[in-house]
Amino acid sequence: MAMKIDPELCTSCGDCEPVCPTNAIAPKKGVYVINADTCTECEGEHDLPQCVNACMTDNCINPAA
């Protein structure tokens with residue numbers, strides 16, 4: 001499973017990018033996106049995905065469907 005950033009809620013602040021341990025987050029077309037192939041939801045490293053902890057916008061980053 002991977003996390004996904006809601007492009008409607010992303011403010012492009014970039015706070016999520018540097019905290020990702022797998023470097024799965026990158027800017028694209030004015031917002032940030034998460035590469036589902038490399039996102040691990042921080043399993044085995046942290047209790048919660050670090051991007052969710054860093055994001056100041058509620059419900060912007062959620063598990064991908």
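Counting begins at 1 with the first residue displayed.
Cβ atoms are placed via backbone N, Cα and C, with glycine included.
Copied from Swiss-Prot, the annotated features are:
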| type | residues | note |
| --- | --- | --- |
| DOMAIN | 2-30 | domain '4Fe-4S ferredoxin-type' |
| BINDING | C10, C13, C16, C55 | [4Fe-4S] cluster 1 binding site |
| BINDING | C20, C39, C42, C51 | [4Fe-4S] cluster 2 binding site |
Contact set, same chain, for the domain '4Fe-4S ferredoxin-type' (2-30): CB under 8 Å, 6 or more residues outside the stretch: 36-42, 45-46, 49-57, 59-65
Of the binding-site residues listed as C20, C39, C42, the one whose CA lies nearest the CA of C55 ([4Fe-4S] cluster 1 binding site): C20
Rounded inter-Cα distance in Å - C39 ([4Fe-4S] cluster 2 binding site), C16 ([4Fe-4S] cluster 1 binding site): 12
Nonlocal neighbours by CB distance (under 8 Å) for C51 ([4Fe-4S] cluster 2 binding site), same chain, sequence gap 6 or more: M3, I5, C16, V19, C20, I25, I34, I61
Residue among binding-site residues C16, C20 with least C-beta crowding, 10 angstrom cut-off: C20
Local confidence of the domain '4Fe-4S ferredoxin-type' (2-30) - pLDDT mean: 98
Alpha-carbon spacing, C42 ([4Fe-4S] cluster 2 binding site) to C13 ([4Fe-4S] cluster 1 binding site), which is rounded to whole Å: 21
Other CB atoms within 10 A, centred on C13 ([4Fe-4S] cluster 1 binding site): 13
